[in-house]
Each structure stands twice: as structure tokens, then as C-alpha cells.
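Q: Right, I'll just put the structure down here and ask away after.
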Amino acid sequence: MLFSTHYAGDILALRFRNGEPWKKVFGPVYIYLNSVSSDDEDILTLWTDAKEQMLIETENWPYDFPLSQDFVTADQRGTVSGRLLISDSYVSKRLITANSAFIGLAAPGDVGSWQTENKGYQFWTQTDNEGYFLIKNIIPGNYSLYAWVPGFIGDYKFKNYINITPGSRTRLQTLVYNPPRNGPTLWEIGIPERTAAEFFIPNPQPRLQNQLYIEHYAEKFRQYGLWDSYTQLYPNDDLIYTVGSSNYQTDWFFAHVNRCTFNDEGNKTYIPTTWQIVFDLQEVEKSSNYTLQLALASINEAELQIRVNDQDADHVPHFTTGLIGKDNVIARHGIHGLYWLYSINVPGFLFATGKNVIFLKQSRGSSPWSGLMYDYIRLEGPPAND
């Protein structure tokens, strides 16, 4: 299961060519067995206790007792430190502190390639409130430095490679991330943090609910069968979200899934669904370009088609992802998989002064698990004149 494609698909499969040598150390593996002393104690305390022990063991890593030459001891590992700031003039004229950013080292590659790289080792941390970071216990090797920042779309990659030698201490200069941005925000849906956790997650069916997550709202998505709740909420017509009056926490279903229905033979089947985003524009620059920033938290055997002020599914969509994704998050009770970001150019002449509608169609039916999760959607106006 360490390299199974069962959860994320072929994109994470290991591939070796031309006699390529490869070695990777896993472990040591810590198995923790706990118990309650009597039948009167709440067995759910075992889960809390196990998580507390996990934190203790995390602090003790890397262990000093393994004797294998392939296990690199703490004194033979290196560190990397520095500070990350953000430049987005539409948010602030000054540099913004990248607090709680995820920043790490992985094999050299393209921006965002760390998501699907699993041959080598990765070492990650989070920045503090001032954007400072310290990555510890790094195995010697050649790496690229990657980062992403909650609250901002896209991925950062440091331009230079970082070489770690035994016991090295690498101090980087201040790093500046310029997130994707073409114009001012006209409206936005969600929070750019690579999950769909902020959207509406329904209560589970009583016969299917897992008691472990009843009191843990933050993990409500882990309940089984939530995909069919969309059909219960929208038995005939699909979701319509009106900018300015709708609330994404209550009015935007956490997963764009198919609708359950029955065919003429009475057999259960699933059909594609089309969501709508309704919004007003007081004025439109017909000769200018707008940008729809579309961030997906997950997609599985799905195709998202986007049409602007055109509901006819027979017309060529203004944008399509094509058939992509294999991360199975919907079926596996998750809230995010691999991250996808699209910066979609929208010509101004497609918009109208007043009411506008963007249609989001997941065009692949037949399965309850063909679908996607949105992370964040933002419509940007034409670039502001300096």
C-alpha cells in the first residue's frame, strides 16, 4: 500500500527506466496499543490518547536507535531557514507576511511538482506569524524549495536548487511569492486553502454515521454516503449560487457530484449536474479580458465545463478541464486530493451589464464518485491602470 494507486490513481505510480537504481527508507514504524481500564470509560478516549502519543513520537523523530546504514541519524542531517513574504498589489501595496504557509523541500521539478513526486524524500514545515521558517532533519541531497500559502492561490518555487550536506545549516534570503493575479477581485467563493472544508457538508444518514466523528464537526466530511445527500437537497434542479446573497458555508455543496435517479427500467443511475453562479456587473469593458481563477481541491474521473451566459450544453464550452483526476476523494470520505489551478481568460464581450450567469457542468455521469471539490473561485476584472 505504500505506493498503491488505489487512492490517487496512476499519476502517483512509481516508474523506473533503463536500470534506474532506487532506494528509500520507510520507518521505523511505531505501533501503539492502548486500553481503557473499565467498561465505564469512554472508548473514544483511546483515539484522543493515540493522537497525543503521535505528537510525542513526532518530537522524538528521527530516532537514534536504528542501526541500519541507510537510516540517516540526526547529526548527519541538515536544516534550511528563511522568511517568506507575499506580493499582491491588489491586496496590499506593501509586502504581506506569509504566516502559516506550508514550505518544504522535495526533488527538483516544476512548480507544484512536489504533489506527485514520491521517489525521493520530502521535508516540510509551516511558517510562523512573521513568515519565518526552519526546516529540520533534512537528509543530504539536492532539492528544490516549494511553498503554498493559505489565503492565496497557486504555488511558489525558489529559483535555485538547495544542496544539503551532512550537518549543514542553510540560511536563505527573504523569499517573495507573487500569487497568480491579473486584476481586481469582483467576487469570490470559498477560501483558498486547498480543501472544500469551508463549504456545506450535510449530516450523514443515521444508519451510516460513524460515531467517532459525531462531535468533531471539522471532520464531518469523513462520514459515509454524503454524495447522495446532494440529490436529497436538489432532487430536480441543481445548485444556484447568487453572489451577494448566498453564503458559501450554507449554500455551496462541498462536492460537485452527479444526481441519483432511476432509468426507465427502474435501475439506479447517476446523471451529470450543472451549477450556476449568478452575479451582477454594473459596467462591462467589452474589449478587455477578465480572469476566472478556478482552484480545485479534488477531481475524480470528471470533466468540468464552463459556459458564460450560455446554458446550451450542445454548444462548445468556453473552457473545459477535459477528463481528469483519479484521487477518489469523494468515495474515500476525504476533503481534498491533488490541487488543480486554472486561470481562465474570459473576453469582456461574453458579459452583460446587469445579470450574468456562469454555468459549471460536470459532464461525466454514471458514477456517484465522478465529481470534484472546489477550493476557491474568483472573478477578476481587467487589470487596473497604474
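A Cβ is built for glycine as well, from the same backbone N, Cα and C atoms used for every other residue.
Quick paste of what TrEMBL says about this protein:
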type	residues	note
DOMAIN	99-171	domain 'Rhamnogalacturonan lyase'
DOMAIN	185-379	domain 'Rhamnogalacturonan lyase'
Q: Return the average pLDDT for the domain 'Rhamnogalacturonan lyase' (99-171) as a whole number.
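A: Here the predicted model's pLDDT, averaged over the domain 'Rhamnogalacturonan lyase' (99-171), is 98.
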Q: What counts of helix, strand and coil residues does DSSP assign across the domain 'Rhamnogalacturonan lyase' (99-171)?
A: 3 helix, 32 strand, 38 coil
